[in-house]
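If you check TrEMBL, you get these features:
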REGION    1-35  region 'Disordered'
TRANSMEM  43-70  transmembrane segment
DOMAIN    47-475  domain 'Major facilitator superfamily (MFS) profile'
TRANSMEM  82-102  transmembrane segment
TRANSMEM  114-136  transmembrane segment
TRANSMEM  200-221  transmembrane segment
TRANSMEM  287-311  transmembrane segment
TRANSMEM  326-347  transmembrane segment
TRANSMEM  354-372  transmembrane segment
TRANSMEM  384-408  transmembrane segment
TRANSMEM  420-440  transmembrane segment
TRANSMEM  446-472  transmembrane segment
């Protein structure tokens, strides 16, 4: 009986081969713009912005806390070791949030998960702003982090499920872009309130704005059509699809293709434990999870999160005053924001793999430069080298492995493993961010600036070598077709990449050295 029911469900799926021949001819003779794939509509871009705007607070929090630390620590009598829990607390909370978001996304959908995340954001900000003790401040930071993890797990999935595959890399970059814009806003807020009595409370209080705007916007954003198809709500899925995509023949074909594949997966729906078993036992699925986990390790152990939370302390260690340390964050974070913008173009134009492997070595050199800045005897020279090093670092990090940790994981997993896959991504991102942030001040004390950034540079270099062999380019593939790149597991991926690198070396030698 079960098999008969599954077969009848599959028979109900509108097959793509039922599209009339003249319609197929029409698709082939459409404009070149249409041939590239369905374009993004203005309403889709608006929905993406509303969904992404809460991530401003993720970036903003780093530099708000960095500035607030100079005032909240003496005000609440918190030493540097206890303060490390205030900086890393939201990251540990985010680990919990990313796990909780798995069943919530599956049962209730993407939009309700966003709404809960925004409420937790605001509650955490409220407690932090009005805290009169270390305990209340820490509790607020942890609650804030739960909302942060829940949103971070959900947003890349939501964006990947909404946008055309031909532009998916740029659209998924919205998440990182808003985070970097939040970094810059955090630096502005810290500078504005640097001379105001009760400084740190205003800094924390500024966190109400972004999640509140997003909370209101979520009541106008549609649910993911893919999630609706998974739940059998086909009419609602088609209605939402038409709201966000151009109503063209090619767009309808893409909807039918998505619906067919998702419903086929739905007919073979697995329990949570069977999915876990598949992750362990299936070569292809295991390779997806291993690859998705490597990206956060590479991204966070370059020091990106820790540096954000301790930027004002780093400037202070160069010899600047408290206020100058806060003000110097402005140009650095403005460049940080600008540096993420090229990803909108280059990720889809040149492919994920080429961008990653080209820019990671530049980050290695930039991290070495930042560390060596501490060797100068002149404050001005130290600051100049430090700032230039970060400019180079951001322009190499943000368009590549800083962004791709989210982008690739958002498009990597099959429908039935997507919630668990994105939760594992968020878990690794926030877990690594929490540990690297919590230990950063201790690393500086033990190894100094030179040693700490030297370690970060070495780690990035090691991951660059690893990615030469294991990086899989997912550019311009439908979410349902990405899995084909992982057939055969990690060993097959290594063999394919090794063969391709050999061919590239042979082509280069043949072109420039006249070798066969």
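Here, residue 1 is simply the first one shown, and the rest follow in order.
Each Cβ is built from the backbone N, Cα and C atoms, and glycine gets one as well.
These numbers come from a predicted model, not from an experiment.
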Stretch in 114-136, 200-221, 287-311, 384-408, 446-472 most in contact with the transmembrane segment (420-440), if contact is a CB pair under 8 A: 287-311
Cβ-Cβ under 8 Å with the transmembrane segment (287-311): same-chain residues at least 6 beyond its ends: 59, 62-63, 65-66, 87-88, 91, 183, 279, 329, 332, 360, 363, 367, 397, 401-402, 404-405, 408-409, 412-414, 417, 421, 424-425, 428-429, 432-433, 436-437, 439-441, 444, 452-453, 456, 459-460, 463, 466-467, 470-472, 483, 486, 489-490, 493
Across the domain 'Major facilitator superfamily (MFS) profile' (47-475), average pLDDT on the 0 to 100 scale: 86
The transmembrane segment (446-472) and the transmembrane segment (354-372) contact flag, 3+ Cβ pairs under 8 angstroms: yes
Sequence-remote partners of the transmembrane segment (82-102) [C-beta within less than 8 Å, at least six residues beyond its ends]: 61, 65, 69, 72-73, 113, 117, 120, 124, 134, 137-138, 141-154, 305, 309-310, 419-420, 423, 426-427, 430-431, 433-435, 437-438, 440-442
Recorded stretch, among 114-136, 200-221, 326-347, 354-372, 384-408, maximising Cβ pairs under 8 Å relative to the transmembrane segment (43-70): 200-221
